[in-house]
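Annotated features in Swiss-Prot:
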| type | residues | note |
| --- | --- | --- |
| BINDING | His19, His86, Tyr171 | Cu(2+) binding site |
| BINDING | His160, Gln169 | O2 binding site |
| DISULFID | Cys56-Cys174 | disulfide bond |
| DISULFID | Cys144-Cys226 | disulfide bond |
| CARBOHYD | Asn69 | N-linked glycosylation site |
| SIGNAL | 1-18 | signal peptide |
Amino acid sequence: MLANGAIVFLAAALGVSGHYTWPRVNDGADWQQVRKADNWQDNGYVGDVTSPQIRCFQATPSPAPSVLNTTAGSTVTYWANPDVYHPGPVQFYMARVPDGEDINSWNGDGAVWFKVYEDHPTFGAQLTWPSTGKSSFAVPIPPCIKSGYYLLRAEQIGLHVAQSVGGAQFYISCAQLSVTGGGSTEPPNKVAFPGAYSATDPGILINIYYPVPTSYQNPGPAVFSC
């Protein structure tokens, strides 16, 4: 068992060595169908859940060079570079571009986001997430959602120093999609970024080391399913 001081030291050491980005989808080039995140050079993170960067990790919204064409009911592979290093959940959200608006200028503002994927930890001597060490994630595109243009938001929350307010680290980016073959369902319970999370949410403010938690609540709404 590690003393609290040793835990903090270990977590801090890990915090400077394992940062990453979400730069591409499917077999595209880096930042081709993904909006270039502000951490594209330094692999940094967002620490303030009230910051506009919590949406797509862009202080000034700007589009990706192109759009990924996909179909409702398929999966999109979202890539982390080099891989997910820190313990914590991976989650994916989607937001549909309103009819009549341009995906290249729409920034995803307002309560427009619905969750399509989340992973969960295994409990035991320590919390372990299936995402740790992975670089690719198959994101399901719900078969019943409307056709149209969407932003697909990738998020991993590093919880290695999350025992104090503001300690959780958010690694984020947004891909641009064109979805065809969809249905007519409008997902309920949409959320806004910022707005979906509080710094004191139990899945964000948490000591994952000691005492080892026996439960974990993913931040945000439930995963939408058709």
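Cβ coordinates come from backbone N, Cα and C, glycine included.
Calculated from their C-alpha atoms, the gap between the residue listed as 'N-linked glycosylation site' and Tyr171 (Cu(2+) binding site) amounts to 24 Å. Counting only residues at least six positions away in the same chain, the Cβ atoms of Asn39, Asp42, Asn43, Gly44, Tyr45, Tyr85, Gln169, Tyr171 sit under 8 Å from the Cβ of His19 (Cu(2+) binding site).
Listed recorded positions: Asn69, Gln169; maximum Cβ neighbour count within 10 Å falls on Gln169. Ranking the disulfide-bonded residues Cys144, Cys174, Cys226 by Cα distance from His86 (Cu(2+) binding site) puts Cys174 first. Counting other C-beta atoms within 10 Å of each candidate's C-beta, the binding-site residues His86, His160 are led by His86. Each of the disulfide-bonded residues Cys144, Cys174 was scored by the other Cβ atoms within 10 Å of its Cβ; the lowest score goes to Cys144.
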